[in-house]
Amino acid sequence: MALYSAAAAVLAGLERGEGGLKSLVYNSGFPHVRQLYALVSETLRYASVLEKLLDGAALLQAEKKLPPQLAKVLVYDLLFGKGLKCGGRWKALARRHRARLEAELARMKVRHKVSRNEDLLAPEKTVSTAASQVPRYVRVNSLKTCVDDVVEFFKRQGYVYLGKAASVEELKALSGKKFLLDLHLPELLVFPSQTDLHDNLLYTSGHIILQDKASCLPAFLLGPVAGSHVIDACAAPGNKTSHLAAILKNKGQIFAFDVDPKRVATMNTLLTQAGVTGCQLVQQDFLTVDPRDRKYSRVTHILLDPSCSGSGMVTRGPGEEAAPSAERLQALAGFQRRILSHALSFPALQRLVYSTCSLHQEENEDVVQAVLQEWGSAFRLVTAFPSWPCRGLAAFSGAESCLRASPAETLTHGFFVAVLERCREGAAAPSSLPAAAKENPQPGEGTEPGAAPKKRKKKKQGVK
């Protein structure tokens, strides 16, 4: 019952405007935040359908003590989800009305001339076209396994592997139990958008990470070599941190910062499950960290993904801020400029990735331009992923070196990434890909991003 109560509380918080989906989930106190996030997200996705089902079956009229948010969660899991595996007395209550709910669902399908539950989403417009096109991305956790073994595991579960994608159109055409290797990132598998892997053994054991493709770009483009000292400045919930650890092969040191104790606890759980070692979690506001502290004297790489409007997220709940005010954007941009400039002040820093899940120029190109002007000739932009189709907006000379991601063009959440490198007098022009990408079987120097990775000589620990 705790799961359903927690999900209902998050829905209620969203309706009252108490925060965004992620913040309410991570501050809920529920121990399994990813399970909670998945349930709330799917309930929101079916919200309009659920409201019509509740009205048609007159469930709330029959059960006056049943809160409407809890009713939505229960009916979602009963008809569209896992079938009410928990729930106590509320589970029994929902099952008493199962026949009426299923009959109302059948009538709804007949009215809309559809046969599948998910087909109800399009006519009800409960999810944007862009959101429905974004596939399910699965990052193979190379700390525990390798792509070949994960592919074989899914094939044994009845999935059909189609090989490496050659275009975005191939990703868009995925359906059923078919999946592909991504055309850009070498350890990213792509499944149809409706694929639910939250209960899959590979996910629960930490062998795979469910992470949007755009969210994988920052760590990949930072690309620290094994043995590097790295800061993840705004690290929670930890997916990018675990990606950094995989790139480092658990060799080196990661300092992962977050100011909120609950988010740090969540991050610790996620990183432990992913097999991450050599990572020091620090409950501290990154802006208060002294760059001259000796413990950070060897930090050469920083990943900075600060708080933003989140306007690029395509699966937004009713409590999410879709169109922030000018004052809100100004406040966010001011914070982002301060934290980016602070990150650049670490004396040994060589390479930094600044990223947001925002669509707004104020939080992206304008922030980078202002900080580069502040630092003069000390840092310069590196052209990140030259063949990536979406480039930075032409806000200033060189903005095209940045990249953007969008549902329409890259089949991802909306995202922005800028790669900065310290300038060295007489140094060669900066490379377009990180050092790790050139040393590892990833797209590297002289190789177009998306080229097939070389075969590993030594196979890593597999999936049993």
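The backbone N, Cα and C atoms fix where each Cβ goes, glycine too.
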Query = From 91-118, 315-342, which range did TrEMBL mark with coiled coil?
reply = 91-118
Message = Rounded to a whole angstrom, what is the C-alpha distance between CYS357 (active site, nucleophile) and ASP285 (S-adenosyl-L-methionine binding site)?
response = 20
Inquiry  = As a test of the contact definition, list every same-chain residue at least 6 positions from GLY238 (S-adenosyl-L-methionine binding site) whose Cβ is closer than 8 Å to its Cβ.
reply    = ALA256, THR266, MET267, LEU270, LEU271, ALA274
Task = With an 8 Å cut-off on Cβ-Cβ distance and a minimum sequence separation of at least 6, pull the same-chain contacts of LYS240 (S-adenosyl-L-methionine binding site), or say none.
result = SER215, PRO218, ALA219, ASP232, LEU303, ASP305
